[in-house]
Amino acid sequence: MPVFKTPFNGYSVKFSPFYENQLAVATAQNFGILGNGRVHILQLTPNGPISELAAFDTADGVYDVCWSEAHDSLVIAASGDGSVKLYDLSLPPTNNPIRSFKEHTREVHSVDYNTVRKDSFLSASWDDTVKLWTVDRNASVRTFKEHAYCVYSAAWNPRHADIFASASGDCTTRIWDVREPGSTMILPAHDFEILACDWNKYDDCIIATASVDKSIKVWDVRNYRVPIAVLNGHGYAVRKVRFSPHRASAMVSCSYDMTVCMWDYMVEDALIGRYDHHTEFAVGVDMSVLVEGLLASTGWDELVYVWQHGMDPRAP
Amino acid sequence: MAMRDLVTGAPSCGETSSSSNPLGALANALIGSSSKTQERLKEIPTSVSTSSNGNFLAGVEEPLVTLPGSEFEHPLQPNIQGSHFLQGFHSVDQNRLSDVWDEIQRPQLPFAHGSPHMANIPLEHARLQPDLNGPPQQVLSSFLHSFVNSSHGGVPFRPASLPLLGLSEGDKQCIRDRSTIMARHFFADKSEDFINGQVNALLSSLEIDNHVRGRGPVPGRYPELEEYWNESLAMKPAPHVADGWINEFSQNRVGHADPNAWVQSFEQQHGANGWATEFEHEQSQLGMIGQMRGANIPNLAAMEQTRMLAHTLAQNSDPKFQNSKFLQFVSKMSRGEISIEENQFKPATISSGDWAAEYEQQHNGGQTWADQFAHEELSREPQGWVNEFSAEREQHGSVNDEWVNEFSKLNVNDDWADEFGRQVAEGAFGETSADGWAEAYDEYMNEQAALKQQSDASRGVYVFSDLNPYVGHPNPLKEGQELFRKGLLSEAVLALEAEVLKNPENAEGWRLLGIAHAENDDDQQAIAAMMRAQEADPANLEVLLSLGVSHTNELEQQAALKYLYSWLSHHPKYGSIAPQEQPISFYHADVARLFTDAAQMAPDDADVHIVLGVLYNLSREYDKAIESFKTALKLKPKDYSLWNKLGATQANSVQSADAILAYQQALDIKPNYVRAWANMGISYANQGMYEDSIRYYVRALAMNPKADNAWQYLRISLSCASRNDMLEACDSRNLDVLQKEFPL
């Protein structure tokens with residue numbers, strides 16, 4: 001299984017929605033506490049090593065990346081200096097970034113591209129806000145300011161173009177409809193900070209939240225008083241959670257306990273796989289939309305792993 | 001599909017979930033995943049590899065139109081597509097969106113019209129140093145590494161001393177902010193003290209002052225709560241019970257070598273810090289009760305603050321939620337976002353822990369004492385308080401009777417209770433509200449809040465609305481002015497409340513708020529707001545005049561005379577007429593004489609005539625009042641409130657038919673003038689035209705359902721018109737039924 005060594009600590013990894021062999025990685029120096037950042041665009045070669053297609057340096061750590069759903073060469077990066085940067089892979093690094101959206105007053109922790117209408121993206125920031133952007137405007141379209149502490153993640157609903165969820169350190173997940181002035185639902189999902197959320201790709205009412213309390217909870221927004229499932233198994237804060245694009249009840253998560261876990265929230269023994277290949281905090285994980293069961297993870301051990309579910313990521 | 005469909009599981013939603021039949025999908029995936037892969041691969045979005053130099057900007061002409069929600073911050077150009085989009089939502093919210101739409105006259109921000117090379121947008125090139133130019137990277141990197149590693153074993157971070165790194169201020173802040181936030185993630189199951197200890201160890205060894213202010217005021221979790229807490233502490237009248245033990249334990253603390261010791265030892269015993277923090281929180285709440293008990297504070301603002309604090313607390317019934325709120329509150333201090341130097345927070349919280357530890361030692365069992373505490377303390381405390389309060393009330397017997405009567409009309413309680421009920425129904429409070437003591441405590445807080453709300457308003461304290469959506473609005477004043485201009489008074493009131501919460505010294509905000517209330521037929525609130533405006537700006541003529549008018553409406557002659565007199569003495573033109581020293585009591589004749597002089601001095605000043613009109617209303621010399629207002633109207637024909645004043649005066653002098661004409665003038669100028677609609681109804685009722693009066697009342701109430709007087713008038717008119725069948729709709733305040741039955 002191929003491995004790629006990044007010079008800085010990994011923060012996030014995302015598969016391209018257009019090419020099954022491309023992925024983007026966000027990295028930051030010194031664990032993102034201080035220093036530069038770099039966005040890597042990596043290419044998988046059949047049975048070979050991972051090669052680097054492009055790399056873009058930034059003045060501050062990069063905490064997240066996402067691919068444009070509208071154009072195969074565009075990548076959006078979330079920076080520690082509060083800016084959101086747009087890169088065009090078809091242009092040389094000297095011409096990049098082609099945009100820098102600077103409105104957030106603190107670290108931007110996540111970016112997510114709208115997968116339905118494919119015209120806009122969200123950024124979630126430690127300045128307690130989520131902002132809605134389009135690639136063609138320098139100013140944000142809207143600012144969603146209701147959270148009372150850092151917003152760590154914002155994720156579009158996979159079916160409804162106007163609905164997204166945000167996860168915050170104020171211990172709530174909020175559901176928003178961009179056509180409405182305020183949030184449409186407040187989900188006090190955990191008793192500790194919530195670091196990530198993601199929507200089920202098959203049931204547009206199901207959402208998962210990952211928290212510092214070490215658990216992942218799965219919720220049905222139509223009846224959000226009790227979680228559908230509480231997934232315990234991580235030994236430290238759960239950093240990211242993603243639903244499988246191929247199996248309705250499958251999820252992957254990564255944690256400060258340095259492991260990546262596969263879950264099936266519909267069955268009793270929900271933990272169906274654990275990978276402890278990282279030697280530092282595992283903070284980035286993704287599942288390929290184009291190749292079923294293909295996983296990628298990155299962590300503060302400066303390594304990016306790509307492997308097929310069920311295989312050993314470290315196997316040569 | 002709207003969110004509500006998604007949530008309620010409308011047909012389309014159910015369909016999607018059934019089509020994906022999760023179990024079937026799982027079976028597929030487990031049995032025949034290879035064939036599925038094949039299918040999937042066909043669906044791969046073919047890469048639209050058009051030339052990539054900026055073609056993604058295609059269709060940039062109308063990017064905003066296609067993006068719902070953008071109108072909230074960036075108004076759209078009115079066009080067919082856009083209005084169609086908006087029409088779709090009129091059914092959802094009839095007024096709000098159309099107002100937003102009205103607002104969409106502002107010019108659109110210019111942007112690049114599909115410029116293929118984006119020449120007009122500054123490109124940001126990667127300008128950065130390959131390495132930080134300050135600190136030697138290797139040293140810092142390995143240093144931070146050991147910090148992060150310390151989280152693995154949960155061992156305290158014991159850094160070696162570092163060579164001088166020469167970090168910039170910005171770097172230091174960055175390290176401080178980020179490491180604190182991250183440490184909170186790593187050490188979630190450690191105590192707050194441990195987290196702070198770790199971060200402080202890192203910071204101090206990097207020679208970073210932990211109390212450096214963050215990058216500007218970073219909003220914390222419950223900024224408003226903290227504000228009130230700060231203020232209520234700051235204006236604390238005298239040391240009370242809660243402070244007693246705090247001081248005592250701060251003194252005891254001197255002997256302790258390691259303030260964290262008890263926390264760690266306790267954790268060893270119990271494995272969790274749950275109850276300790278909960279207890280700290282309860283202590284803080286008890287402290288707040290202490291504040292409440294000192295409610296006789298002369299300072300009205302203090303009462304306002306404590307009342308709102310009670311509200312804030314009362315609206316959360318989940319004890320864990322409250323608990324973590326407190327955690328965050330403490331954590332903000334560690335982030336240096338609260339100035340620790342000049343208040344008692346730091347000793348207070350730490351010593352509360354000490355106290356808890358000591359208590360724990362005596363009772364040897366966390367659970368039992370916690371239960372005991374919950375049962376004894378909490379059940380006793382509220383009752384004690386209630387008794388005390390009722391005792392206090394009896395002392396103020398006569399005053400109380402007045403306001404009790406007054407407020408039985410106003411139903412403040414009901415509003416609040418409804419709101420609360422609604423929230424509970426929506427489940428905003430979460431599941432754990434079942435916890436007995438939390439509910440009992442909440443009820444107690446609610447009662448307290450409601451009682452205070454009543455008593456406050458009766459004493460001229462402004463009562464803020466609950467759940468104000470405009471709190472946090474970037475420019476509530478402007479929003480409020482805009483809403484006011486459009487006649488959306490109830491909304492305007494909320495926006496202006498947000499403004500004066502933000503800027504309590506903004507006289508203009510308070511004044512507009514007062515006017516909005518006056519126009520909304522709520523003179524009590526109008527007076528309260530105007531008094532705050534006057535506090536902020538004692539010489540504001542408009543404020544003084546409004547106060548005079550509002551007090552006249554409430555038939556409070558002395559107060560009205562006082563403010564009208566102040567208006568004169570503060571007026572640059574007529575100040576000289578008023579005697580140098582302010583009289584102790586005012587006589588109507590004296591004040592009226594002064595204004596008659598003023599009117600002779602400047603016969604073209606409409607304001608003087610208005611004041612004269614108000615004065616003659618006070619003395620019930622309606623003919624003279626009508627004369628004065630008519631004179632003023634010649635000078636200011638477009639003043640709708642002046643027309644209303646004329647109409648009201650005419651109505652009072654039994655010239656109701658004339659009054660209707662005057663009100664009609666006012667409404668022609670300002671169709672959303674609730675007060676004029678209600679007054680119109682009164683005039684019809686006075687003429688025995690009850691059926692007509694009902695229509696006007698209903699119209700007024702449709703615009704402001706909170707106009708309690710109008711509801712009463714409506715009830716009378718319904719009775720008089722023998723429409724007892726509609727009394728129920730009136731009592732349940734069912735406007736839909738009433739509007740259907742009595743269209744205007």
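Glycine too: its Cβ is placed from the backbone N, Cα and C atoms.
Features reported for this protein in TrEMBL:
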- A:101-143: repeat 'WD' (REPEAT)
- A:144-186: repeat 'WD' (REPEAT)
- A:149-263: domain 'EIPR1-like beta-propeller' (DOMAIN)
- A:187-223: repeat 'WD' (REPEAT)
- A:231-264: repeat 'WD' (REPEAT)
Chain residues in Cβ proximity to the repeat 'WD' (A:231-264) (below 8 Å; excluding those fewer than six residues from its ends, i.e. six or more beyond): 12, 153, 192-193, 195-203, 206, 208-218, 270-289, 292-293, 295, 297, 299, 309
Helix, strand and coil residues within the repeat 'WD' (A:144-186) as assigned by DSSP: 0 helix, 23 strand, 20 coil
Helix, strand and coil residues within the repeat 'WD' (A:187-223) as assigned by DSSP: 0 helix, 19 strand, 18 coil
Helix, strand and coil counts within the repeat 'WD' (A:101-143) (DSSP): 0 helix, 20 strand, 23 coil
Mean predicted confidence [pLDDT] for the domain 'EIPR1-like beta-propeller' (A:149-263): 92
